[in-house]
Amino acid sequence: MGSSYLYYSMFLHCMIIVANIYSNNARASDRHLSMDYYQATCPNALEIIRKEMECQVLADPRNAALVLRLHFHDCFVQGCDASVLLDDTITLKGEKTAKNNINSLKGFELIDSIKNRLESECPGVVSCADTLTIAARDAVTLVGGPSWDVPLGRKDSKTAGYDLVGINIPSANEGILSIMAKFIYQGLSVTDMVALSGAHTLGMARCENYRARIYEVFSITSALNPSSHTYLNNLKSTCSPISGASDNNETSLDYATPNLFDNSYYHLLLKGEGLLNSDQLLYSSVFAVKTRKLVEKYALDPIAFFMQFSESMVKLGSIKSLKTFEDGEVRKHCRFINT
Ligand code: HEM
Ligand SMILES: *[C@@H]1O[C@H](CO)[C@@H](O)[C@H](O)[C@H]1NC(C)=O
């Protein structure tokens, strides 16, 4: 698809209110969630979120990546309950300053602006957790990825899990077995892990997270340096070997098509050009027997990738929050619990 066409059509959508018709083939794995959850209370919710995401992705396609990652980091810490969106207050320590999130998670204001619109249409009805889940789906679709139905009815937490961020969120240099364990712990499979890692077809990473990949020698947690000298030298020019001024310098996770949701991420892995160690090890690790096969499959078969990604996103989005099961709410403002 030509990107100019994509942007042109999104531009039109931002100007005109489009009545989107969503198909309704329910496959909610969580019996607490349902497709028609807001049908009576906020029938335009999906359309409002979609329209706002369209404008945000039109303004900057990177925004699609930011929202998708926020959803992932939300669901891996006490379930999909919008805990990641909470700001620090005197009585609450949010997740934003925890390792793996600090200086790294962005796009909170995008969710704020969607939530504002929802609040003016149907105050106190649509949870921040649902908003983020739908926005992540729309983000993927808007940059050329698949679409899927999102079961709804999540509640927002009244607490955050600062310490759980360090425990549950995988990081770039921790090794494939450890990352696998984190997905299994959440009820996801190795297949889900490989498919969801395809999200790295979008967005950027900071030097801090790929320094080891380009300067360290091969080990259990570090893949062989990128085989292409041009690519390796380009990366080195953005990222000095010593921690300092270049730490937050960013480069695309998928340099081939950074703003398009496609399967080129897997092609890069076949070439040894995954940006993060955690990416490349899916293909190159000695432990990567099953994951390597899946990488090859998704590289060859974009439809298989899209179908698995959709299914895995529904699973990711259905990770239950015990916190909101006991005591959840619909926040008025996604950064703060209701008073
Ligand atoms: C498999 C384990 C994963 C690891 C180790 C990992 C790690 C990372 C790291 C280190 C970054 C760069 C952050 C920075 O430099 O500030 C990143 C970016 C990103 N991740 Fe992951 N990630 C994983 C899985 C996922 C999943 C499952 C998703 C979503 C479904 C996802 C979506 C993204 C996106 C979209 C970005 C780009 C964000 C931006 O442009 O700012 N990641 N990830
Ligand atoms: C950041 O990357 C750019 C190239 O994208 C490079 O010119 C610049 O020197 C880098 N900054 C630092 C502090 O290394």
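Cβ coordinates are placed from backbone N, Cα and C, and glycine is handled just like the others.
On a predicted model such as this, the values are computed, not experimentally measured, just so you know.
Here Cys42 is paired by TrEMBL through a disulfide bond, and of Cys80, Cys122, Cys128 its partner is Cys122. Ca(2+) 1 binds Asp74, Val77, Gly79, Asp81, Ser83 as TrEMBL records it, and from the list Glu54, Glu95 the residue named for this site is Glu95. According to TrEMBL, the cysteine that forms a disulfide bond with Cys207, out of Cys128, Cys239, is Cys239.
When the candidates Thr191, Thr201, Thr324, Thr339 are compared with the Ca(2+) 2 site entry in TrEMBL, which names Asp254, Thr257, Asp262, the shared residue is Thr201. Ranking the recorded positions Arg69, Cys207, Cys239 by the distance of their Cα atoms from the Cα of Val77 (Ca(2+) 1 binding site) places Arg69 first. For ligand 1, the nearby recorded positions are Arg69; that is, of Arg69, Asp74, Cys122, Cys239, these have a C-beta under 6 Å from one of its atoms. The disulfide-bonded residues under consideration are Cys42, Cys75, Cys80, Cys128. Their Cβ neighbour counts within 10 Å are lowest for Cys42. Summarising model confidence by region, the domain 'Plant heme peroxidase family profile' (32-338) averages a pLDDT of 96.
Taking the Cβ of Cys334 (disulfide bond) as reference, residues of its chain lying under 8 Å away and at least six apart in sequence are, in sequence order, Ala82, Leu85, Leu86, Phe108, Ile111, Asp112, Lys115, Cys128, Thr131, Asp156. Cβ neighbours within 10 Å of Val77 (Ca(2+) 1 binding site), excluding its own Cβ and spanning all shown chains: 27.
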